[in-house]
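This report refers to the structure that appears directly beneath it.
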Ligand code: F6P
């Protein structure tokens, strides 16, 4: 069999581990060959390929990013996009395709599977917001990076008696903020699922200073104030899947807190630092297993499926299940953390 492989959407630590796992098992156990498509769906659209053999995957396990490159290309927004993909898969002799990506990439994979393309999906996103799987790889690395930043910010905030606001990624789901905030001992965590009350935030800031500590606030980029969104910022730019570019809530929040409480407040935006560099052990473990199971699904001809973590087992679920809804933070999980605020 010849198997195509691509990585789409925002990159995340662990993508190379998936590629390596699939190629190593595919070649050594099943005798399959691979074709790497560059930059997500752009690769099969433009027939842009790279060699993907055992040599190509040597030494990539600890490397962040993706050796295949990535993009947010949407073939359904391009004229004859689907036909071009089908033609180029055929031209490369591909019997199947492994698509590694988040809601957008897997959304495209789901539609292609319905149109008869032999595709198996692997879920990835640092946001951890895909349904159908308990965790996505990349999330644990992002949380650890954010936690380390919070640890460092505690000591400098204390020295200067300042509020420090840490903006983390998370457009619609606050998983990174919640997990990193809990692990780093943040005093307030603000997430998109729970519009925040600025008066309450300021009261918590003041109560923190009253006990001679400096507050650390972790805020998801997609968090919004309860009173109508005057503090949220979007750049107006949209990607091929229609997502607006977020950013700026940390700064807006810091200046609002400073104005209202008189306490000096600064913001730190972690941005793409959360997506870069080497994956944690957990992410390498999960991504490698996803790769091994994805090629097994391909070998068995079990197409239209996505590999998923359920407990400690890797299972296969219909591709549509991974993208049918966003997995957001449940109210009881947020309330559990709220006990520690202020
Ligand atoms: O989807 C993953 C993610 O990192 C989001 O948390 C973030 O909003 C978005 O990607 C940023 O996208 P880009 O790297 O294209 O700016």
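Backbone N, Cα and C atoms are what each Cβ position is placed from, and that goes for glycine too.
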Would you identify which residue of 79, 83, 221, 321 TrEMBL lists as part of the substrate site it also attributes to 125, 126, 127, 162, 169, 170, 171, 266, 272, 273, 274, 275? 221
Tell me, what is the mean pLDDT of the domain 'Phosphofructokinase' (2-298)? 95
Measure from each Cβ of the recorded positions 103, 104, 124, 127, 266, 273 to the atoms of ligand 1 and list the residues where some distance is under 6 Å. 127
Of 169, 273, which of the binding-site residues has the most Cβ neighbours inside 10 Å? 169
Measuring Cα to Cα, how many Å separate residue 171 (substrate binding site) from residue 104 (site 'Important for catalytic activity and substrate specificity')? 14
